[in-house]
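Going by TrEMBL, these are the annotated features:
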type: COMPBIAS; residues: 301-314; note: compositional bias 'Polar residues'
type: COMPBIAS; residues: 336-356; note: compositional bias 'Polar residues'
type: DOMAIN; residues: 62-211; note: domain 'Peptidase S54 rhomboid'
type: REGION; residues: 282-314; note: region 'Disordered'
type: REGION; residues: 336-360; note: region 'Disordered'
type: TRANSMEM; residues: 21-45; note: transmembrane segment
type: TRANSMEM; residues: 65-91; note: transmembrane segment
type: TRANSMEM; residues: 103-127; note: transmembrane segment
type: TRANSMEM; residues: 133-154; note: transmembrane segment
type: TRANSMEM; residues: 166-188; note: transmembrane segment
type: TRANSMEM; residues: 194-216; note: transmembrane segment
Amino acid sequence: MRPNIVSEAGWQTRVGQWWEGIPFLTSSIVIVCGVIYLVCLLVGYDSFVEVCFLPSAVLSKFQAYRIYTSVIFHGSMLHVMFNMMALVPLGSELERIMGSVRLLYIIVLLATTNAILHLLIAAVVAYNPFYGYVYLMNECAIGFSGILFSMIVIETSLSGAQYRSVFGLFNVPAKWYAWILLIVFQLLMSNVSLLGHLCGILSGFAYIYGAFNIVIPATSFYSSIEGCSWLSACVRRPKFILCTGGNTSGYIPTYSTHNTTSGELLSGNIWRNLSSWMPQRQSSPAQTIEDGRFPGRGRTLGSSQENSSANYDSSLQTRLLDNNSPERGIAGTILEPQSESQSVVAVERTTQQYQASEEDVKSLTAMGFERVKSK
């Protein structure tokens, strides 16, 4: 007989479950960046100066393709692994909130704005009349980390957390989290683009403050794209997340604390409250609000138990009140008016039951049990 052995799942099962939990767009970006790096590694391609974001080449030769090729190419195995491992939690959370198509549009928008800010800052620093520093114009930036810094700013704003942990070592205020990460990476890692990460942070803050609202379409735009026939194969995928609405203007929601300053109140028409987007952990039965992102009436896991207990309490109170009425007997049954024949039958049944009980007592006494009267 084999003993009962409980074994943990193998690493293949764990990796498979972890991968299945990653939404469609986030996993697609991981695959694209990983495949591009492996192909470059196999064919021996290392001329990243041709695909990186080089401000001087973009301005002089109008090589706008560098804005997007610099995002999907990486310089080393550690570089691509670190960026993709950071993308998985950030991209998964944002994709579940926004939807796959909306997040793709946001990533393209962030890549474009990061490049524009990169060009402006590099040009100002290089060609200012006071002190020209041309190094930034010839800096070759590559990798997905610029967009990751934008996602960090957006996700921190959406979460509403007051503090964030830096690599599990210490906690910092959430509003300074991206800036502290920028400093930590510059101190710990060499050959890191300070301007690329800085532009990512600036783009993230500009996005959550509503500076890009004019170029963000409404929800119907994303829904029309999801309804296209050429995208039907992707939409049918289990991990594809539809943009079901919830934010009719298409603007990203922003988190606002209760301690709102006067400057925040003036710009309140632009900012959106996070509470309409983020799922609540607890819900009151009295507050039942329809959410466009989740059709139907949502509820927490314990709501059915709370409702059933509330119904039980109300019915119990009703029965207790009814029991106190004079029309009920000792056992809580209603004493309805009975005819004379029905009363006689009821008395005979009670007498028979009493006689049966007396016979049982006599038999038990004959067996040696003592007969004790209750007080």
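Any Cβ shown, glycine's included, is placed from N, Cα and C.
All TrEMBL annotations are machine predictions without curation.
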Range from 21-45, 65-91, 103-127, 194-216 with the greatest count of C-beta pairs under 8 A to the transmembrane segment (133-154): 194-216
Residue distribution over DSSP helix, strand and coil in the domain 'Peptidase S54 rhomboid' (62-211): 107 helix, 9 strand, 34 coil
Candidate ranges 21-45, 65-91, 166-188, 194-216 - greatest C-beta contact count to the transmembrane segment (103-127) (under 8 angstroms): 194-216
The transmembrane segment (166-188) versus listed stretches 21-45, 65-91, 194-216: most Cβ pairs under 8 Å: 194-216
